[in-house]
Every structure is written in structure tokens, then in C-alpha cells.
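This report refers to the structure that appears directly beneath it.
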Amino acid sequence: MKTVQFFFLFCCWKAICCNSCELTNITIAIEKEECRFCISINTTWCAGYCYTRDLVYKDPARPNIQKTCTFKELVYETVRVPGCAHHADSLYTYPVATQCHCGKCDSDSTDCTVRGLGPSYCSFGEMKE
């Protein structure tokens, strides 16, 4: 019986204390309207799981905030998109996560939808290598 209790406590501790929200390398498609194509770049972003719960009884006095794995700190990097027309602005600035945490999704800076377009979406349909 003590083994079952220990295992249960261990699982609870693991779920609460050991959030696996961490930096991960991803490839994103970047595009410039003036260039009419996309290129792929490697960057760092946050991914993983956070402890959350959905209460059965909704309490209007206590808002239900679902925590998500999101950035805590960002830096911005700039890359020159090759092959653009000479008159076009070929610089593209994108965010790079440097620290992650479990927190409320900030819809002012993040796509908080269930199914966003995804990091490899290209509206022009053409990827250049």
C-alpha cells in the first residue's frame, strides 16, 4: 500500500514541479511582400507542457486561466532575404525566445488559437532554398 501511495505522490510532484516547458529549435518560413517568395530559417522558441486544470464548477469570482508554454524573454534578430528586387526592403526581423515559462498566453504578441497557421506556412506557396 505504501508503494502505491508513494507512486501517486511522485506522479503529483512530477506533474506540478517538473513542467517540461523549454527552449527548442524550430524552422520557420519568413516572407516579404516585396520579394514574393519565402525562405526557411532556424530559430529558438518555447515548446512543452504546463500543468493546468479545467474546473468542473465555474466560479465567476475566480477566472479560469489556462497556462501555456510561452516565452519569458525575447530578442530580435534580423536577416537579409536574398533574391529580392533591388528597390525592395530585403531585411526581415523575427523574434527569438531566450527564456521560457508556463504562463498566460499574451494575445497581443502570440497566436493563442488552438490551430494557428504554423511556423512553415508560406502565403506565396513558393519556398526558396
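Numbering starts at 1 and runs along the chain as displayed.
Note that Cβ sites are derived from N, Cα and C of the backbone, with glycine treated the same way.
Small disclaimer: the values here were computed from a predicted structure and weren't measured.
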Recorded disulfide partner - C50, candidates C11, C100, C102, C105, source Swiss-Prot: C102
C35: disulphide-bonded cysteine as recorded in Swiss-Prot, out of C11, C69, C84, C100: C84
C17, C18, C21, C38 - which one Swiss-Prot pairs with C122 by disulfide: C38
Recorded disulfide counterpart of C46 (Swiss-Prot; options C100, C105, C112): C100
10 Å Cα neighbourhood of N25 (N-linked glycosylation site): matching recorded positions from N42, C46, C84: N42, C46
Listed disulfide-bonded residues (C35, C84), ranked by Cβ neighbours within 10 Å, top entry: C35
From disulfide-bonded residues C35, C38, C50, C69, C122, the one whose Cα lies nearest C105 (disulfide bond): C69
Most Cβ neighbours inside 10 Å, all chains, among the disulfide-bonded residues C50, C69, C112: C69
Rounded Cα-Cα span from C46 (disulfide bond) to C38 (disulfide bond), Å: 23
